[in-house]
Every structure is written in C-alpha cells, then in structure tokens.
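Some notes on the structure that comes next.
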Amino acid sequence: MPVTLLDRLPLPNLKVYSAGSVLLLSVAMYYAVNVTSDPNWKANTTLQKQETASGIVEGEAAKMVQPAVTAVIAEPPMTDTKNFSDQFLEVMTFMMQEPLCMWTLINMAYCSLALFGFFIQKVVFGRLRVSEAQRVKDKFWNYLFYKFIFVFGVLNVQYMDEVLLWCSWFTLVGFLHLLGQLCKDRFDYLASSPTSARWANTRVLCLLMGILTAASALFMVAIVWGLPAGKDTFAFMAAECLLLGVSALHVLARFTLRAHDADAAGPAAYYTHLVFDAVSLVTETIHVAHMVVYSNVVVSMASLVLLMQLRHLLYAMLARLRRHRLYTALSSHMSRNYPMASAEEVLKHEDNCAICWEPMKEARKLPCSHLFHNSCLCRWVQQDASCPTCRRSLTAGGEARPAEPPLTGPNHLFHFDGSRYVSWLPSFSVEVTRRAGVDLGPGLAAATATAAAARPAPDAAAESTALVEQVQRLFPQYPRALLVTDLAVTRSAHLTIDNILEGRLPPPPPLRPAVAPAPAAPDAGADSPPLSDELDEDDSAENAFSATAAEREAALQRRKAELRAAARARFLRRRPAPAPAPAERSPRS
Amino acid sequence: MMAGSALRRLMAEYKQLTVNPPEGIIAGPVNEENFFEWEALITGPEGTCFEGGIFPAKLVFPPDYPLSPPKMQFICEMFHPNIYADGRVCISILHAPGDDPMGYESSAERWSPVQSVEKILLSVVSMLAEPNDESGANVDAAKMWREDREQFNKIAERLVRKTLGLPPPE
C-alpha cells in the first residue's frame, strides 16, 4: 500500500531536524541542571514515579546516554562542590521523571539513529539512486503504517511505557529492514552494471553481515525480554527477526551465486531463490495469521487491514507456487524436446546468444537449429512459444496452428487525477494487464508424440520457399541460389536480410553487362567475416564508448547537438532563404 | 534478476549504437540513473517529405527487456498516418507477440528478442518514408496522405522546420 499522500507532507530535512533536536535537548538539560542544583529538588517535585515506569525507561535511556554526555560536557562547568558523576546521575534521574524532558531524550535518540543511518548510507552507498530512494521511502511509510496497526490494533497496548518499548523495538527492526532493502537494490544495480566495482560490493557485503549480526542480537533480545512476557510476544518478536535475517541472507546468497557465475535460470539458482521465497512468505503469512488470531478478530479497522494483508500474502504464495509448477513443467519439456547443443556446434556458431547478446558457453538447440542460452530461452518461451529468430512455433502443432491466437485478455486502465479536485490529492493510474500463461497444455501433450519425429520434409521445403520469396521481394537483384544457400544456414529471413544489409553476403552482379558474372562461391557468403567496416569508420576516436556514465552522457549530448547542427546547416544550404512565395501559407496549429 | 540482464543487454546495445551508429540515428539513455528511458534522434529519410528533419523520440524499456518490446513516443509534433496524436508510434515490430490491437498482424512481424533498438529505429525511418495505410493511428493524416499529398507535404515541411528550430515558411 503505497502512501503517496505522505510524500507531500512538509517534513523537515535532516539538518533542521537534528539542529532542532540538539537545541531542545540543551534546553531540557539546562532546565534539569537548574532544578537539580537545588539540593532539595526531590522534595520539591511531585514524585509520581512508578517503579516499573522508570525501570522500563532505563532501556530507552541506555541508548541516549551518548548524546546526553556530549551535551553535558558542553554545559558550562558546575560551580557546585558535588561530584560530577553524581550530578549527572541526578540530572538523568530528573529527566527520566519529567515527561517533557523524557520526550526530548527520546526525540534525541531518534535523531541520533537518523544521523547514524545517514552516516551508513553515505559510507556504504554514497548517493542513492532515484529508484532506491523511492523504494526506501515507500517501505518506510508502509512499515510505519503496519506497525502502527500492530501496536494499537493488535496488541492494544494501554500504557505509555509499553508503547515506548514496542516503538523502540520496531524502530530498530525497521531501521535494519530499510538498510536491507537498500542493500538489495544496490546489489541489483551492481549486478547489472557492466563494470564490476569490487570496493562497492565489499561495502555492501559488510553492511549485510552487520545486519545479520544485528538481527541475531535482536533475536537474543527477544529471548531475554520477550519470552518472559509471554509466548505470543516472543513469537511476534522472533518472526520479525527471522524475516530480517532471511532477507539479508537472500541477498548474500545472490552474491554467492553471482560470484560462482551461476546460470540465472539454472536449477541451483532457481531452487535457492525458491527456498528463500518460500521461507519468507510462509513466515510472514504465519506472522500475520498469528496477529489476526491474537487480536481476536473483532470487526475493526485493524483486523480488516490484517485480513487484506493476509489475502495479499496468500495470493503471493499461490503465484509463487504457480510459477514453480510452470518452471518444472517448462524445464522438463525443454530438456525432453530440445537437446543441449554439442560443444562443436556451439563453437561453430560463434555468434552471441540473440536474446541477451552475451557469448555462449553452452546452448540449447531448437528444432530450427537456432541456438540460445538455456536460461534466456526458458524466459522467452514462458512468454511466447516460438523461436525468437525465425518465429517457428515451438508447440508441437506448429504448422497446424500457424498464428498463435492472442490469448491476452483486455487491458483495463483506470486513471484517477486527484489534483483536479484538490491540489494535494495524489494522481495515479492502474493498468490491469492479463497476460496469457504459456501455452504449454497442448504443447506438452503433443510434445511426446512429435519429440522424435523429424520435421516433415514437404513442410520444410514450402517454408524455405516462402522465406526465399520474402527476401527476394526486398532484394530482387540477388540471385535466388545465393539466397537459398544463405537461408539454409540462417533459417530466418531476418538474419539473411541482416547479412545482406551488413555486407556479409557478396554483392550481386551489377546490372551492367560488362562486369563479372556471378559472385564467388555462394558458400563463402554466410561464413565470411563481416567486411572490414572499421576502415570506413572515419572518426573512430569520436565514437569511442567511454567507461564512465558522466562521460557517456556528455558524449551523447554532444553527438546530438552535432547531428542537429549538421542537419540544420544542410537544410539551410539546400533552401537558402525561407521560401518567399507569399501565396503558400502552411497551416499552423 | 530480470532487470540485471535487461541492463546488460541495453548497455551492449548502447555501446553498439555509439561505436557503430547507423546513419542519421542517435540513441541512448539521457540520464544513466535510469537506463530504461532513452532518447533517440531520427533524421527524416532523404527524398521524402520528412527529409532533413531531426525528430526526437522517447524509448521506454520494460524491466524484462528484451522479452517485451519498448514503447516509443515522438516528443516533437508529428503528423503521420502511423503516429498517434500524442506521439506514440504504431508499428508491428513494437507489439508484443501476445497483443494485436489491430487484429491483422501476423506474429512474424511482431516483437521478438532478436529485435533491437537499432532495428526499431530503422523500421521507424522506413515507416516515415512509406506510411502504412492499413494501420490508421492518425486517421486525418492517413486520409490526407491518400487524398491531398500536397497539403501533407506542406505540413511535413513545417514540422521539419520546427524540429530544426527554423521559422515556418512565410
């Protein structure tokens, strides 16, 4: 549930907030020191202290001793004869009892946590990317919302000190969750960036280790303090720790998988993800279900929200299960019907995988003899059961059903433009796309029947004739025999056209009769390397691809400006003056 | 994981388009913070009414690119039978295999991962040169293209001048 509305609240930035907090703290300290400098202050203040309250608050206080100490040092030296530490203790005791001072201390604790988070962000991540910042913001508000529901709707806490305890717990857990989210996003980014930044990886890894350690520390806290408070409390706390640990471990596992260069759709990677997804989904579902049971399901806003969340989780689980079924069905289908290409075949192929444009160490071979990475092919076939290069249908009745019937349902678009009504209302649009699943049913059923059977010869002949005609329509000057030979290799009109366009196919005899008849052996066409277009490249230095993003962006801007300027100059040269014919007025909109 | 392979492929395509650019075409991410949004400049094909114009367009890639096609939208004023009034381009190569808004394309013409930004842009150039009468994204433009070519050419000339930052002909 993204809370867009909250984005528009005027929240103070960190600088203002921390300055304000420090100011507040100093004022409170000053007040406390003033009051406690009177030796009889204990008698003066009305002591409505409950032993439990101060005991609980101590936990909170432990965290704030640090900032408090610095603030005390900043204070002018006391003229009192009293020992400094005694004085400090007294000040603290007073502040614990005085509600206003205590709130100031709590505020300061949050402020220092925010500063700490900011520090970690600066050290580990540097500047956040836009999407990362957005994701963290969303997660933060979501988290706040659900924990608010939890504390006031589920636990239904009555006492201020209990609220404070839960708040500090969730603050810490949430803080770690946000850091974990950042790690995950940053890992995705690092994994996909073309340059491997070892140092950035190490920092993220260190932070992940830190998160894991903190999660186990929190688990200890849950055992020490949660367990005596009751099994339910302990279960709630433990589930939070578990979720935190699992998400951190998942990112770590992905680091490991990538370090070992694992195939992204291979079984090892797939089952690792499956295990992590399953554990976190099941834990979260149980956690929420526990909350529902604990809150005694009375009809209230809280239980409604929880049930919605539970529904969402169940759907996520079902979707995951369906994906798993699809995966197993697909992988068995592929391994049964499309064998892995032999080593020589892969070597001879020498092109990159046409889907991801990366070199192939091993490949799967389709009946049309096009090669792809196993994982790439897997992902494509989930979407459309045809060969990406030549479009031959991969479902068994390929020729029987020439065009895949479009199975997509209608798309619904709902747009809400809030700013039309009130300026601060958010605008959003929801698009529901129903995408047809893989058409595996008939494919799988018939697959076994046709697995061994070779492609019927007449079909193949008809198909290749059609391809030749398709190419010849575009390039009538090319001799038919040449096209047939090239198509026999490429088996795709697209590829042959590419070959012609990029000069890999020997040019046809010019129509003038004086020149040599046919081009060389037609065989040379497909295999000959691309003509050396490096020589034609007049300014290759100009077109260099820089290593850094900033340089590339600048180069792109420059090239665009040059293209525009050149086009303009060319246009003006061709039509020197704006056409002076007064009769012709072009329509203006 | 998805976005990772998409990014790697986009980076490879960007590199290819930079090192070995097709004539009159420039494309790349404006801001590499968001690698999934590119801007392209297309030169109007010679010998057509769009000759000489530099037409800017925006390409937005899905996270599962190249399994799904990008969306392309001209960000300058356009008047063409196959370009919607808001600049979106209607060519079959940009349609995912599943969806067929017009209901007549054969799946062979539609998106497949072997297509690329370069091929899309080249198709758009040839679309500018030879509008496809059958898919009427802009009905007015299609009608004018068929019936009043002179007027169509005039409008095109004005658009070309506009993209070059020149005043419309007097």
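Glycine too: its Cβ is placed from the backbone N, Cα and C atoms.
Positions annotated as compositional bias 'Low complexity' by TrEMBL: A:513-532. What TrEMBL lists as compositional bias 'Basic and acidic residues' is A:550-565. Sequence annotations record features per position, and here TrEMBL assigns domain 'RING-type' to A:353-391. Residues or ranges marked as domain 'CUE' in TrEMBL: A:463-505. Under the heading region 'Disordered', TrEMBL lists A:501-589. Annotated transmembrane segment per TrEMBL: A:16-33, A:102-120, A:140-157, A:163-183, A:204-227, A:233-253, A:299-318, in sequence order.
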Among A:140-157, A:163-183, A:299-318, stretch most in contact with the transmembrane segment (A:102-120) (C-beta, under 8 angstroms): A:163-183
Overall pLDDT of the domain 'CUE' (A:463-505), taken as the mean: 70
When counting Cβ pairs under 8 Å to the transmembrane segment (A:233-253), the leader among A:16-33, A:140-157, A:163-183, A:299-318: A:163-183
Residue counts (helix, strand, coil, in that order) that DSSP gives for the compositional bias 'Basic and acidic residues' (A:550-565): 16 helix, 0 strand, 0 coil
